[in-house]
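Taken from Swiss-Prot, the feature active site, proton donor covers HIS104, ARG619. What Swiss-Prot lists as active site, proton acceptor is GLU434. The (6R)-10-formyltetrahydrofolate binding site feature in Swiss-Prot is assigned to HIS86, LEU87, ILE88, ARG114, VAL136, LYS137, ARG138, ALA139, ASP140. The NAD(+) binding site annotation in Swiss-Prot covers ASP347, ASP368, ILE369. Marked as region 'Formyltransferase ArnAFT' by Swiss-Prot: 1-304. Taken from Swiss-Prot, the feature region 'Dehydrogenase ArnADH' covers 314-660. The feature site 'Raises pKa of active site His' is assigned by Swiss-Prot to ASP140.
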Amino acid sequence: MKTVVFAYHDMGCLGIEALLAAGYEISAIFTHTDNPGEKAFYGSVARLAAERGIPVYAPDNVNHPLWVERIAQLSPEVIFSFYYRHLIHDKILQLAPAGAFNLHGSLLPKYRGRAPLNWVLVNGETETGVTLHRMVKRADAGAIVAQLRIAIAPDDIAITLHHKLCHAARQLLEQTLPAIKDGNILEIAQRENEATCFGRRTPEDSFLEWHKPASVLHNMVRAVADPWPGAFSYVGNQKFTVWSSRVHSHAPAAQPGSVISVAPLLIACGDGALEIVTGQAGDGITMQGSQLAQTLGLVQGSRLNSQPACAARRRTRVLILGVNGFIGNHLTERLLREDHYEVYGLDIGSDAISRFLNHPHFHFVEGDISIHSEWIEYHVKKCDVVLPLVAIATPIEYTRNPLRVFELDFEENLRIIRYCVKYRKRIIFPSTSEVYGMCSDKYFDEDHSNLIVGPVNKPRWIYSVSKQLLDRVIWAYGEKEGLQFTLFRPFNWMGPRLDNLNAARIGSSRAITQLILNLVEGSPIKLIDGGKQKRCFTDIRDGIEALYRIIENAGNRCDGEIINIGNPENEASIEELGEMLLASFEKHPLRHYFPPFAGFRVVESSSYYGKGYQDVEHRKPSIRNARRCLDWEPKIDMQETIDETLDFFLRTVDLTDKQS
């Protein structure tokens, strides 16, 4: 039976060996490159694959269409995943007629998600296990095929439990793989009401909070003992790691974090005391507790703390979903210019943010919000401010793919909004000037203008209505459940990195990018319905400064507000935009590399956007809320924005084949 395998870690190695022993034909193995910052105590899937003569790959994004196509060409009958660390897209799972199966290190539906081995120890569980289940779109939610229980002994630590899980996994696979091959398995649906889900753990999560019971801290020590990074605390500014510990239930009463004795090294906790049996000062060597006390200069009555005594104010953690997009990458640049922000980002690409990837306060994961729900929920919980910037926001897609617009722009964002409600996190949500629709007011006002859209048979309005409904949902959560929020409405922001010329080639871009492509390729500039529609164009730098001030939220003035961010002085028709762009193009130093101007061509909107499109004649913002809440005023003239945007795109064009 032909299979494609996704695998990593010891579980990946034993899963591959079990498949081969059961007579499966492995066409390819997908794994990960090792993280140099991670202590690799486990077997190498890549090395095993090479030794067995099996093709092995470690793509950054296995869900990329190119990899999906390559996997499809392998024609797998069944797919297996053994501790592969990325979610696998449904498009891949559907390639195998017999389905896809994942090995998970817990007794599902308990402990779905990441690091179940560590979490069961943190939580003081006495039982865990391994589960083989069918893979579905939602992580770890498919029907259970086989399950094996394991007792957790009081003296088990992470590595001993890991070895138990590996032994159990071998047994389970040896019993179950032949049945899958024969098509003779019994599947049991998971009980959703019993499900629990946990996110990934980082070394920073393992600090010892001395106000907690000693038993809780002891479980933390067990969960992250060597070869994991270890639980830690501080003496002043000196960090030390606790590798093994013991609970003392009847210790003398003392302030939590106080040293009760140094031989043994006994620390008072919220309930009981924790004996530090072995530990390590800084990057030194492991030593027994009394020697550690001497090394750290501890005496009876000394106080420990959970963070450095001189720790600076914690940086505000900002989660940006869609960080590689136009607003996301410019906002990241603005935030990192300051020293008090930590930016966490998710997107399906990284070309626009490559300049930040090595920044110590920028953390990026390449992924799709529709399949990385576990990662998103964990980071919503972890961060202070959430900006869900992912959306389809190009007009041609509103008529071309209305359901996809609804699914991404509404359904996926609603899930994120609910996470913010659940974890009581501040959300800064990108509404849109499109919500005003065909409003006839001279200035579109956030608090008074009516939101007017066309009939249902005009799918062009699905983006506007999706955003408007989310605005209303957020407002209701704010009113009824105390959600801290700000809605901002961008009015035609433009500048470098707005879309790209490849998107413009398929019509999926904003106006100025499409016009620049026409100039670059020597094709006529198309003026939809004559190009008389007027817009107020806003420089990205002005827009980002306003958005930055919303994040800063001086005096909490932005809470519960809707804020237009636009430049009412930069009003121009699309035809006028084209003329200004042409004038800038003709005097650009790279002009001679490109074809002659092919003129303007008037086209009907239905022939360009398709059936169901309606346009808006004017869209001018009132910016009184921005002035009041942000003390903000747009400053940059439209011509300057046009010149810089054009220059950016012209310098991205490969000129080698345009030499005269």
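Indices start at 1 and increase along the chain as displayed.
Every residue gets a Cβ built from N, Cα and C, even glycine.
Of HIS86, ASP140, ASP368, all annotated as binding-site residues, the residue with the shortest Cα distance to HIS104 (active site, proton donor) is ASP140. Max Cα-Cα distance over the annotated (6R)-10-formyltetrahydrofolate binders (HIS86, LEU87, ILE88, ARG114, VAL136, LYS137, ARG138, ALA139, ASP140) is 16 Å.
Of the residues the record lists as binding NAD(+), namely ASP347, ASP368, ILE369, the two whose Cα atoms sit farthest apart are 8 Å from each other.
In this structure, of the active-site residues HIS104, ARG619, the smallest number of CB atoms within 10 A of the CB marks ARG619.
Across the structure, ARG138 ((6R)-10-formyltetrahydrofolate binding site) and ARG619 (active site, proton donor) place their CA atoms 41 angstrom apart. Other than the site residues ASP347, ASP368, ILE369, same-chain residues with C-beta atoms no more than 8 angstroms from the centre of those residues' C-beta atoms, the NAD(+) site, are LEU321, GLY322, LEU346, ILE348, GLY367, SER370, HIS372, VAL390. Checking each of the recorded positions HIS86, VAL136, GLU434 against ILE369 (NAD(+) binding site) by C-alpha distance, the shortest gap belongs to HIS86. Checking each of the recorded positions ASP347, ASP368, GLU434, ARG619 against VAL136 ((6R)-10-formyltetrahydrofolate binding site) by C-alpha distance, the shortest gap belongs to ASP368. Comparing Cα positions, HIS86 ((6R)-10-formyltetrahydrofolate binding site) lies closest to ASP368 out of the recorded positions ASP347, ASP368, ARG619.
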